[in-house]
Amino acid sequence: MSRVLDQKPAKEDEALDSALRPKIWADYIGQEKIKENIRIILTAAKQRGQSPDHLLFYGNSGLGKTTLAQLVAMEMGKEIKISSGPAIERAGDLAAILTNLNDGDVLFLDEIHRISNTVEEYLYPAMEDYKLNLILGKGPMARTMELKLPKFTLIGATTRPALLSAPLRNRFGAIFQLDFYKPEDIEKIIERSARILNIQIEPDAVKAVAERSRFTPRVANRLLKRARDFAEVQSDGKITKEISAKALESLDIDKMGLELGDRKILLALIEKFDGGPVGLQTLSAAAMEEEDTILDIYEPYLMQMGFIERTPRGRIASKMAYEHLGIKIKNSQSQLI
Ligand code: ADE
């Protein structure tokens with residue numbers, strides 16, 4: 001997968017990313033409605049002297065689910081422990097995590113849709129009654145042991161809410177969908193990050209980087225850092241419009257924010273399947289990208305931009321996609337799109 005869109009930051013970017021993460025609500029830009037709703041939930045919980053209900057955040061990667069969870073813990077004055085669905089392989093792993101929490105702590109489970117069925121069964125009583133029923137031993141000698149857990153708040157995060165079982169989904173007190181950010185919010189995020197990292201960037205360059213950030217803060221911050229590299233190596237360190245254009249061009253990110261992977265998918269759809277409709281599996285084989293990568297990384301943005309449409313019969317490339325790639329629409333295709 002491309003470095004620019006990489007879901008998770010590479011090691012050398014991790015420290016920078018954590019420096020850029022808002023640590024107080026006032027610094028968290030965008031997602032106003034969600035912030036407001038969460039603040040009401042937290043204020044009410046505080047007034048009752050209870051821990052807040054379990055929360056589920058869903059939305060594309062890089063939109064700030066982890067950051068929001070950290071702000072929830074901070075607001076409640078409690079610790080946050082972070083793990084993920086695939087990391088918890090056995091009931092024992094879950095027990096180790098849950099028994100290490102204190103009252104009111106937040107447990108953040110990323111990619112919660114990838115939790116195993118067995119672990120999920122253990123999670124239900126933990127969420128509902130703060131209890132864990134462990135089975136010790138095997139066969140006729142097996143014994144159950146009930147562990148009392150602290151009153152924690154589970155915050156689940158997923159890019160694929162539809163893959164959560166209904167019983168798990170129903171155990172969350174509130175579910176929030178994080179949307180793509182507005183362009184002006186992405187600009188504010190770039191300006192804030194530039195201030196924190198001591199980067200000089202011209203207003204025109206802020207706009208240029210924002211336009212190609214896929215409405216996603218993580219991408220915006222990454223592009224800002226790559227533009228800084230360019231500015232430092234090829235100029236005096238200041239990111240001008242020209243420098244940002246050069247940086248983005250060399251990263252193969254076009255004016256609409258599409259990168260090589262996006263264009264590969266659109267090209268496969270148009271050239272190999274006459275613009276579709278085509279099923280995900282077939283498209284994935286033709287574009288040589290994993291289905292999950294198409295679903296989680298490329299397609300949400302391509303659909304948001306109106307380049308791809310999903311129909312019951314498969315994916316279709318839109319007229320805009322043809323125009324953007326400079327490909328003429330065949331007559332046989334024109335009545336489809
Ligand atoms: N960095 C990443 N996400 C952010 C957000 N929503 N607000 C401010 N800075 C951010």
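Just so you know, glycine gets a Cβ as well, placed from its N, Cα and C.
No curator has checked TrEMBL annotations; they are predicted automatically.
According to TrEMBL:
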{"type": "REGION", "residues": "1-181", "note": "region 'Large ATPase domain (RuvB-L)'"}
{"type": "BINDING", "residues": "Leu20, Arg21, Gly62, Lys65, Thr66, Thr67, Glu128, Asp129, Tyr130, Arg171, Tyr181, Arg218", "note": "ATP binding site"}
{"type": "DOMAIN", "residues": "51-182", "note": "domain 'AAA+ ATPase'"}
{"type": "BINDING", "residues": "Thr66", "note": "Mg(2+) binding site"}
{"type": "REGION", "residues": "182-252", "note": "region 'Small ATPAse domain (RuvB-S)'"}
{"type": "REGION", "residues": "255-337", "note": "region 'Head domain (RuvB-H)'"}
{"type": "BINDING", "residues": "Arg310, Arg315", "note": "DNA binding site"}
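Counting other C-beta atoms within 10 Å of each candidate's C-beta, the binding-site residues Arg310, Arg315 are led by Arg315. Rounded to a whole number, the distance between the Cα atoms of Thr66 (ATP binding site) and Arg315 (DNA binding site) is 31 Å.
Rounded to a whole number, the C-alpha distance linking Leu20 (ATP binding site) with Arg310 (DNA binding site) is 35 angstrom. Among the binding-site residues listed (Leu20, Thr66, Tyr130, Tyr181, Arg315), Leu20 have a CB atom closer than 6 Å to some atom of ligand 1, in sequence order. For the region 'Small ATPAse domain (RuvB-S)' (182-252), the model's average pLDDT works out to 96. Residue counts for the region 'Head domain (RuvB-H)' (255-337) under DSSP, split into helix (H, G, I), strand (E, B) and coil, are 47 helix, 9 strand, 27 coil.
In this structure, Tyr181 (ATP binding site) belongs to neither helix nor strand by DSSP; it is coil.
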